[in-house]
Amino acid sequence: MAPRIDDDFVFTISDHDDVSDDGGAEEIAAASAKLAGRGKKRKHTEDPDLNIRPKEAPSKKAKKDKKKGKKGKQAEPEPAAEDESDLEIAHPGEDVEGNDDIDSEFEFAVGDIDTGFVEEFDGWGNAEGTVGREQNAEKKSNAVDIDDIIERRQNKKMAEKDTMSDSEDEADKDDFSGFGEDDELLAEDGFGMGAGSDSDSEGDDEEDGDQDESKINNDSEGGAGESDDEDVAPHVPHPMDLEGAESDDAMSEQEDAVEAKKAAAFFAPEESESGKKKKGAKSIGSFHAMSLSRPIQKGLAAIGFTEPTPIQAKAIPIAMQGKDVVGGAETGSGKTAAFLIPILERLLYRPKKVPTTRVAIFMPTRELAVQCFNVATKLASFTDITFALLAGGFSSREQEVMLKTRPDVVIATPGRFIDHMHNTAAFQVEHLEILVLDEADRMLEEGFETQLNEILTTIPKSRQTMLFSATMTSTVDKLIRIGMDKPVRLMVDAKKHTVKGLTQEFIRLRQGKEDKRLAYLMYICEKIYTERVIIFFRQKKEAHRVRVVFALCGLKASELHGNMSQEQRIQAVEAFRSGKSSYLLATDVASRGLDIKNVSTVINYEAPQSHEIYLHRVGRTARAGRSGRACTLAAEPDRKVVKQAVKQSRDQGSKVVSRQVPVEETDRWMEKLRGLEDEIEDVLKEEKEERTLSITERDLKRGMNLIEHEAEIKSRPKRVWFETEKEKMAEREKGAAALNAAAGGSVKQKKKKLSGKDKKKLDARDERSEGKIWKKAKEDRGMDTNRAKEKKALAKNKSKKISKLSRR
């Protein structure tokens, strides 16, 4: 009779001893973990006894040794010692086998073993989160580097023993070697005296700030600075401000009344939500009071989140109920966690038999998508939820492999999401249950309109939709287009206000002094704000040029804009985050959502096109309760945006000051910049030549690959897109027009081929501009007509004679 088995566990094919020695289990486990993304692999895809198998062999050996008797134990003492060490490592697995009361699927250690508490979690600080960061650093070495070009040119000058260049280099080093406390000085008569970025001078700031605020509040134009010493005449308000103030207020009141009626019918009633809170009578002071699952609480503790922010306390309970949410809160208030936590909590109770993608989170920029991906994977490190990052600039082949594993959550930019939706067979969106639009007001603008419509018409209509932004739109018509069902509106300090810890400074550029803008910027960066500064530009070209100027002056800076490759963009953020560069020169690509730790100052080289963009720019500092400064160089065309910013700050009671730049410092930098103009042009020219050479090499390599692997390349299916190239260009132009229309600007129109009518109109206009010219009189015109008639008659007679001769 066969011996009775101790437990009722039924071995499958993978559990049999015949398969245990081939060594393939570990490879399969490693491969599945690699394909499954950053999270832990699923239970249904893993072999439940892969971790138990190495521990079964010693347990079976022990049973055989008992049957053999004491001789077997004495003969083999060394294997027994090895078995004890193995059992110590696999102690949890042994308990599962020995105790029938514990569930066999219970997991003692899930996720990364080295995961621990992280102080001041940074979305860019996750070493494993950023996709291929080290590989991207190697790829970036092929790109053109401004620092290398400048260093090479300086070495050439040193080799030529140019005494003038040597003296200039030494002067530059003397100017920028210190960055000490003595350098952070303002002019004695400066309007923002003592308004430095150092935290030690906060007491002086408050004393001077009271005077500054009183002065700037009297400036009815929303002044970007105090009048110069030369101006003695009292300030007179601008006529445009006086004319437009009353009409704007009247129009805004009418629009608010209409929108209020629409909102009352569209949004869920807020009273019912407040009534539920009163009945519950349980204040949410921590995440434990939200009844979150244990893995989610462990993930929050690992990041260092202990208490929810106001937007998190409001949004998480409602989002966990599956309701649509429209959330708005100030910058740096934790909106990302406000929608990630309820999503992860709901996914813990998903059906796990059939893997499918259930959540789609959309971001307007690639950097924001990478940051959200890192935060999500860190929060879900103690769960089996899987993630995929679909952003432009990364390898689409790697993303296709990741999508074959059917990740639970997809964090994407709209363009790459649509690309995979049309061209990747393994990517299915029919079972999406949750849709999230972060920075929703930007996603609803003209530039993303067609892409968003394409996504919304493809994914299921029966879904939960959540929108979040710091400047959340109140236009109901845009929200109706998304297909929301009685959404709950949650607004926490979202009245287009800045953060309380932010001090706003304005440097006014008088009319005719706009050419001194760069000199003002260089003085500020040299003397006042020397570390952890983000400088925003409107144009990519200007940001790159200033990057060259900074490099020539010895200031360590990185640039971030759309003309850079994705590898370069990530490297720029990493260099600034790690402290390798003190300045980040960026366009509005970095204005939304980017959360970099300890950014002390934000400088606007030019005021942005709208007040909403201004709020997002200055929101890169003073995040999560910290203090920070925002400095704006404002000229006459920036009057409207500056006026709105000062008015909102005055209503909010935040600190607004004006700063003056000493005239002698401005003149010194103007002379220095004039001397560097030729060097700047030479550097840009050399960079252009190197870039052209690298592009030629790339095209040559591509052509060689086309010849060598022609059959394989042609066998690949052609990638399709829902828009033509003309439609793409039209969409971009429409977005640029909408953006610049808000600032009262105009968009450059491309030259088109002139038709015949247009050419005649232009000729007529030229004739009119030339003035009076000689024209034929009536008699002359009559003579011409008579001659024409005579010629016509002669031609007819000739034709008749020819016809008669031909008949004969």
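The backbone N, Cα and C atoms fix where each Cβ goes, glycine too.
Feature annotations, courtesy of Swiss-Prot:
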REGION    1-107  region 'Disordered'
COMPBIAS  44-59  compositional bias 'Basic and acidic residues'
COMPBIAS  60-72  compositional bias 'Basic residues'
COMPBIAS  95-106  compositional bias 'Acidic residues'
REGION    119-260  region 'Disordered'
COMPBIAS  149-164  compositional bias 'Basic and acidic residues'
COMPBIAS  199-211  compositional bias 'Acidic residues'
COMPBIAS  243-257  compositional bias 'Acidic residues'
MOTIF     285-313  motif 'Q motif'
DOMAIN    316-490  domain 'Helicase ATP-binding'
BINDING   Ala329, Glu330, Thr331, Gly332, Ser333, Gly334, Lys335, Thr336  ATP binding site
MOTIF     438-441  motif 'DEAD box'
DOMAIN    517-674  domain 'Helicase C-terminal'
COMPBIAS  737-747  compositional bias 'Low complexity'
REGION    737-808  region 'Disordered'
COMPBIAS  755-793  compositional bias 'Basic and acidic residues'
COMPBIAS  794-808  compositional bias 'Basic residues'
Seminar exercise, completed: Long-range Cβ contacts under 8 Å made by the motif 'DEAD box' (438-441), restricted to residues 6 or more beyond its ends, are 326, 335-336, 339, 361-364, 368, 372, 467-469, 471-473, 592-593, 612
Problem set entry | Distant-in-sequence neighbours of the compositional bias 'Basic residues' (794-808), which means Cβ under 8 A and at least six residues beyond its ends | none
For this session: Could you break down the residues of the motif 'Q motif' (285-313) into DSSP helix, strand and coil, giving a count for each?
Result: 18 helix, 0 strand, 11 coil
Exercise. Among the binding-site residues Ala329, Gly334, which residue has the largest number of other Cβ atoms within 10 Å of its own Cβ?
Worked result: Ala329
Problem set entry | Any further residue of that chain within 8 Å (Cβ to the Cβ centroid of Ala329, Glu330, Thr331, Gly332, Ser333, Gly334, Lys335, Thr336) of the recorded ATP site | Thr309, Ile311, Ala338, Ala470, Arg623
Problem set entry | Same chain, 6+ residues apart, C-beta under 8 Å of the C-beta of Lys335 (ATP binding site), given in sequence order | Ile311, Gly327, Ala329, Asp438, Phe468, Ser469, Ala470
Problem set entry | Set of same-chain residues at least 6 away whose C-beta sits under 8 angstroms from Gly332 (ATP binding site) | Val499, Asp595, Gly619, Ala622, Arg623, Ala624
For this session: Could you pull the average pLDDT for the domain 'Helicase C-terminal' (517-674)?
Result: 92
For this session: Go ahead and report the DSSP secondary structure tallies for the motif 'DEAD box' (438-441): helix first, then strand, then coil.
Result: 2 helix, 1 strand, 1 coil
